[in-house]
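Feature annotation from Swiss-Prot assigns domain 'Radical SAM core' to 372-650; the stated evidence is sequence analysis. Marked as [4Fe-4S] cluster binding site by Swiss-Prot: Cys386, Cys390, Cys393. For 685-739, the entry in Swiss-Prot reads region 'Disordered'. Per Swiss-Prot, compositional bias 'Polar residues' is recorded for 704-725. Positions annotated as compositional bias 'Basic residues' by Swiss-Prot: 729-739.
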Amino acid sequence: MSSISLIQPDRDLFSWPQYWAACFGPAPFLPMSREEMDQLGWDSCDIILVTGDAYVDHPSFGMAICGRMLKAQGFRVGIIAQPDWSSKDDFMRLGKPNLFFGVTAGNMDSMINRYTADRRLRHDDAYTPNNVAGKRPDRATLVYTQRCKEAWKDVPVILGGIEASLRRTAHYDYWSDTVRRSVLVDSKADMLMFGNGERPLVEVAHRLAMGEPISEIRDVRNTAIIVKEALPGWSGVDSTRLDTPGKIDPIPHPYGEDLPCADNKPVAPKKQEAKAVTVQPPRPKPWEKTYVLLPSFEKVKGDKVLYAHASRILHHETNPGCARALMQKHGDRYVWINPPAIPLSTEEMDSVFALPYKRVPHPAYGNARIPAYEMIRFSVNIMRGCFGGCSFCSITEHEGRIIQSRSEDSIINEIEAIRDTVPGFTGVISDLGGPTANMYMLRCKSPRAEQTCRRLSCVYPDICPHMDTNHEPTINLYRRARDLKGIKKILIASGVRYDIAVEDPRYIKELATHHVGGYLKIAPEHTEEGPLSKMMKPGMGSYDRFKELFDTYSKQAGKEQYLIPYFISAHPGTRDEDMVNLALWLKKHRFRLDQVQNFYPSPLANSTTMYYTGKNPLAKIGYKSEDVFVPKGDKQRRLHKALLRYHDPANWPLIRQALEAMGKKHLIGSRRDCLVPAPTIEEMREARRQNRNTRPALTKHTPMATQRQTPATAKKASSTQSRLQNAGAKKRPKAAVGR
């Protein structure tokens, strides 16, 4: 893109002078023990990072990026990975940090990592050696912070990672089915960094190193802090209540009074006086030094409509070019959330990914297998961010809507490093992507629009005319990468946004011809307009167009390749009829899904707001605004999931029962247009056996009152009568001896 963005940082990420400890030189791995610190010549760590993941020195792991970034700034950084949280001892293994503790639950939310969408316990953990579950606690951010405070009470604790990022305000917690306070309040940490943390982390570390107390560091973007009142010099907008139209003054009648010149007298011209020219300072932009006061925690917990209102405001204040600060009351204090950080430039992204990662797990794990690492060890991350804005996804809220791309040279250098240094490389790059495969180098063509836009999605309901959809940079990158010596294949495993891809068929041709290993993942998520409108996903027309082009180019290349669509069940806005129509679509197109996903209400997502409140935060919120149907309850969620697997005989009884209740009994049978087969004789006998009335057998001697009783009542009455008879037998006098 030729135009220069108006969203620029105050200073470059790598422009800070290095901390004095840079004299110790580089570290092969960031130390996890005192022995490693001794080998590096360190007597202490300046910063200690605590994480719920195993330490893998790879740029796909957040703690590796943060640790290497801080080490490049000259700080001595240690890592405590998956500590024993039963006491404070494991949190003291590296000694007392000179500056602060950085705490994260890991690459995933600890609750999502631990529980399924049906709140069932998982028995594995892909971020743990040997896939062992139970190595991190529930709500790991809270637990780790508590132990850090117990270990060293006077050391600041800074929260980060996706778990803290998505819980920075009062939020609905699916696992406890209630609204919880901001994690910053519950944890009693000193600061929270949300989103990608390079900029705020580096700035805060240097300011702490220069002696500034953390209580006075309150102006850093991408951070949240606890305050007693609004920061000085900021003006506020009160949005604690729903907007209501005020009193409208009557419009004066233009001919109600005589005008000054109505007497037709000539008006003497006024003599213009010379005035000195004064240079006016530029007017401040309306979002500068402005905060929005959200409804308090107590209000959003007690009023679902106000919760939806607060959620809507938060999602509209995410553009770093025009976002205002947010403030939310929790008891007698406030959570103050600064505007998002300025996205990294291409040069800064290149520098971050050029840090000396070893691209392997820490040697302390030996030969243990870490599934998350196995998945990404031959993949390359080419960009960050996503402007899709899907309601159920947290990527936009975490990484931002502006795409941050690496340069072509930087990506090629990383591919060559994988080829030359990573053990077990066979010549196949497993993925060249990011949150979305085909958003590389795509940005808004209008700098002014990019700076001021508050749209939740750049592609829904239609692709914005300002959005650049030219895939030529991506195509050139693919071609250069696959021409490298020693590279046999470049696969694309990240999801493809097909509604953007159809705008540039050249990309689809390149993809189908060279970069698909038989199957390509895409995510229509649903086929019906009701749920799609709540998901902010395109209709099936874009999917059909993409499939047509993909099949055509695959055939031209002489390859037999298939699309694997992903769907979500039980999403807000999805009725039983919608799921039946989706199941019929799947059967018509001969799809039999093995893995299906029920909607998982994660914190901060718009879909989670719909799930909890029954309101639509994508439109203006009011007590009489649009209600959203929400499939809740285990039975209905099981049904929606079962309909995605209509071909599984175990789901047929549940589907038949639902079809009969909906008046769609014609979909049960052996005809081609039927969804499930009719029950067999054995199934009908088994159903009758299970539904058989278990009332006891009656005779003509059974009292009429007992006959009218239900089985439970009859059993209770029989038990009472038996007790009375036994009591009477005990009170009866004994017969005289010899009578």
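The backbone N, Cα and C atoms fix where each Cβ goes, glycine too.
Averaged across the domain 'Radical SAM core' (372-650), the predicted model reaches a pLDDT of 95. Surrounding the centroid of the Cβ atoms of Cys386, Cys390, Cys393, where the record places [4Fe-4S] cluster, the chain contributes additional residues within 8 Å, namely Gly388, Gly389, Phe392, Ser394, Ile395, Thr396, Pro435. All protein chains considered, the CB of Cys393 ([4Fe-4S] cluster binding site) has 19 other CB atoms within 10 Å. In this structure, Cys393 ([4Fe-4S] cluster binding site) belongs to neither helix nor strand by DSSP; it is coil.
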